[in-house]
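Feature annotations, courtesy of Swiss-Prot:
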BINDING   G83, S84, P85, G86, T87, G88, K89, T90  ATP binding site
Amino acid sequence: MNVITETEYKEENINENTLVNIQEEYKKTKIQEVLNQLDKELIGLTPVKNRIKEIAALLLIDKLRIKLNLPQANPGLHMSFTGSPGTGKTTVATKMADILYLLGYIRKGHLLTVTRDDLVGQYIGHTAPKTKEVLKRAMGGVLFIDEAYYLYKPDNERDYGSEAIEILLQVMENQRNDLVVILAGYKDKMERFYQSNPGLSSRITNHVDFPDYTAEELLEIGIMMLEEQQYQLTEEGKKVLLEYIKRRMTQPHFANARSIRNAIDRARMRQANRIFNSSNRVLTKKDLVTIEAEDILKSSLFMDK
Ligand SMILES: Nc1ncnc2c1ncn2[C@@H]1O[C@H](COP(=O)(O)OP(=O)(O)OP(=O)(O)O)[C@@H](O)[C@H]1O
C-alpha cells in the first residue's frame with residue numbers, strides 16, 4: 001500500500017489501495033483556522049456553522065477525489081444565503097470566500113458585495129456594461145448579491161433587471177471555475193424569486209438559512225462588540241440592554257445584530273457625553289471603559305415610559 005504524499009499524485013502510482021492522509025490534507029489547507037474564527041467571532045448560529053463545516057468537508061473531499069482521479073460530481077459552488085438583515089450573511093460569506101480560496105476553488109478569494117443598483121442601469125444599453133464590469137471585478141472571488149430578488153421586477157415588462165440576470169446566468173454557468181455567486185436576502189422573497197427564475201435556482205447548489213437571533217443572543221453579541229472595543233457593561237447595564245433589545249425587536253427596521261451595533265455606538269456616544277459633562281475631576285481608566293445603564297436608558301425607546 002502506498003500513501004500518496006503532497007507531490008506524488010501521478011496516475012501510475014494510484015490504485016484502489018492508495019491512501020490519502022486526510023488529516024494531513026486538511027491541515028495543509030488551514031481551513032480549521034477559518035472555522036475556528038467563525039466559531040469565535042459569531043455568537044450562536046449553530047446550524048449555519050454546521051452547514052459551513054459540511055460544505056467545507058465536501059469541498060475538501062472533492063479536491064482529494066480529483067487528486068485520485070476519481071470522478072467528481074462538480075455540482076458547482078453557487079450558493080444561497082437566506083435570512084433577515086443583520087443575521088451575519090455577509091460576515092459568513094467572507095469566511096466562505098476564505099475557505100474556497102484555501103481549497104483552491106477560487107484564485108483570489110475576495111468578496112464583492114453588490115445590490116441591484118450596482119448591476120442594473122436606468123436607461124437602455126446601460127445594464128450590460130454595468131453588470132459585466134461588476135463581474136470582471138468579482139472574477140477569481142465571490143460575488144455576493146444582497147437582496148437579489150430586486151433584480152427581478154415582474155410588474156415591469158421593460159425592467160432591465162432581467163438583462164442583468166441573463167448575463168449573470170451565462171457567467172455562473174460558463175465561468176464557474178473562476179467565480180462563485182452567493183445570492184442573499186429574506187427567505188420568503190428568495191423562494192419566490194427562485195420560483196420565477198428556475199434557471200438561477202438550478203445553478204444554486206448550497207442553501208444556507210440564517211435564523212433570527214433571540215434577545216439573549218443579541219445581548220451576548222452586544223457585550224462581545226463592546227469588549228472588542230475595550231468597553232465594559234455594568235451588570236445593571238446588561239439588564240437594561242436586554243430590555244432595550246426586547247423593545248427594539250418589535251420596532252420597524254429592526255436588523256438583528258446590525259441594530260445592536262448601532263445601539264452600542266449610540267451608547268458609547270452618550271457615555272462620552274456623560275463623562276464630558278461631569279468632568280471637573282480626574283478620570284480613571286475604569287470611567288473611560290464603563291458603559292452604565294443610564295447610557296442605554298437615555299435611548300428614545302425608553303422615553304415613553
Ligand atoms: N452572530 C454574530 N455574532 C457577532 N456579531 C455578529 C453576528 N451576526 C452578525 N454580527 C455583526 O452584525 C453586523 C451585521 O452582520 P452582517 O452584515 O454579516 O449581516 P447580513 O445578514 O449580511 O445583513 P445584510 O444582509 O442586511 O447586509 C456585522 O457588524 C457583524 O459583525
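Cβ from N, Cα, C; glycine included.
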Should we count any of the binding-site residues S84, G86, T90 as near ligand 1, judged by a CB under 6 A from one of its atoms, and which? G86, T90
Within its own chain, what residues at least 6 apart in sequence put their Cβ under 8 Å from the Cβ of T87 (ATP binding site), listed in sequence order? L45, F210, P211, D212, Y213, N256, A257
Same-chain shell around ATP excluding G83, S84, P85, G86, T87, G88, K89, T90, C-beta within 8 angstroms of the CB centroid, reads A184, F210, A255, N256, A257, R258
Same-chain residues at least 6 apart in sequence whose Cβ lies under 8 Å from G88 (ATP binding site): L42, L45, V48, F210, N256, A257
If I restrict to non-local contacts, at least six residues apart, and a C-beta distance under 8 angstroms, what lies near T90 (ATP binding site) in its own chain? L111, T113, F144, D146, A184
Which of G83, P85, G86, the listed binding-site residues, has fewest other Cβ atoms within 10 Å: P85
Mapped onto three states, the DSSP assignment of G83 (ATP binding site) reads strand
